[in-house]
Amino acid sequence: MPIRLRMPKLVVEGSKGREAALENDDLLPIPLERRTWNFTTFSIFWFSAVGTVANWLSGGTFLSYGITVWDGILCNFFGYLLISFFMVINGCAGSVYHIGFPVYCRSSFGVFGSFWPVFNRALSACVWNGVNTVTGGQCIYIFLHSIFPSIAHLPNHMPSTSGMTSAQMCGFFLFWFFTGCALFLSVPKWKILIHAKLIAYFLSCVGMLALALTTSKGVGNTLTAGPTAHGSERAWLIVRFTLLSAAGCSTFASNASDWQRNATHKRDPIFGQIFGFPMSNFITTLCGLIVAASSEKAYGTLIWNPLTYLDRILTENYVAKTRAGTAIISIGFAYSALFSCVFENVLPAGNDISSLAPKYLSMKRAFAICMIITVVLLFLKYLLGSAGIFVTFISSYQIFLFSIVGVLLVDYYVVSKGRLDLTWMYTADKKGPYYYTFGINWRAIFAYCIGAGVNFAGCKYFI
């Protein structure tokens, strides 16, 4: 009896009734008063979102294959430009009907068939949240190191396979805690974080560039080195890496409706994303390459991770001026990583997880689940060390997510011609147009399997 009295408290507000398995207040279309994202917000959104330390590394990924630095930058730029068009057109349902990715999937896959693409997206978001949280934890560690020199000598009780020290683990959990605190702010009000992060990231970039170039007194030969691949080989490498750059961002294209649903007007996200996404990545990649090139001159070897470079500068020049600069840079990078965790990972995961059991999972409860999974994945990858293949496979999910995008685009623009009946998206009535067969559109599942199957060979190659 006591259990029965307490159980109703677990039910999410707005989920009571016959369709509790498909609806709660977080899954309903965004109400008018909460549609606060205008053209300006979307214009600077990606300058804030991609402003992370992890994106500084993307410019050097392709250099070992024989193309130049500038070839790599152009590959990234045009790949991101290509994917930005898919982001806009796939997010159109969000800006027009103000629904998120989980509900949008119901129109194509069925009210119950949508659970599979939603689960895939949620799992991918949780994995990448773990990766970005580790990066944010490194930023916190460097910040603490700049203030407390003894933290660098903290006894390490972590296994050699962990990839982290005990001190860095402290930074991880501090960053994880701060991210959890940020999630108490309602989603429409997060646009405040966009403006604040842009300022913090800009100042951190300028500071990192200044500190790196001051330390090295210039850049090495990386920026001026010629290609080792020539002719058609080089041309095909450029084509390949342009497409790889686009594929690496397919997760953003899949759930674009999650943030475009906050748009004040349906046209607001278009030019802001087509301009903001490729340009922001271009600037971030360029900064990363300049800093990495300076490390070659300073230490005789390329250090692609700016946090590793920053900590080395601090360790070898532990004076007041360097400590102050490092503290400011690292805390700015930490805030940038926090924003990326919230918007690129936890928000999509929250939307997806809550839609799997909307009667009991509100958005904030789903956020909590995502944060717990983040710690579990850290345990698997960084503590056990034996789960690397598993995490690598999950991290390759973008090729499967883009198969979802293909189904959504064809259904929305060709089959439905942009017309959705929201009433039937929240009901399991067999007469509804989105019920299909037992709530599953088997044609969409079949099309998805074909698209994913074509890419599976490539995924298997990289595992």
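Just so you know, glycine gets a Cβ as well, placed from its N, Cα and C.
These figures come from a predicted structure and were not determined experimentally.
Range 274-294 is the one annotated as transmembrane segment, of 274-294, 442-462 (source: TrEMBL). Against the transmembrane segment (122-144), the recorded stretches 37-57, 164-186, 235-253, 274-294 differ in Cβ pairs under 8 Å, and the greatest number is found for 164-186.
If one looks beyond the transmembrane segment (274-294) by at least 6 residues along the same chain, the residues whose Cβ comes under 8 Å of a Cβ in the stretch are 42-47, 49-52, 55-60, 69, 72-73, 76-78, 80-81, 83-85, 87-88, 205, 208-209, 212-213, 215-216, 218-223, 252, 302-304, 306, 309. Of the recorded ranges 37-57, 77-101, 235-253, 324-346, the transmembrane segment (164-186) has the largest number of C-beta contacts under 8 angstroms with 324-346. Between the transmembrane segment (235-253) and the listed ranges 37-57, 77-101, 324-346, the one holding the most Cβ pairs under 8 Å is 77-101.
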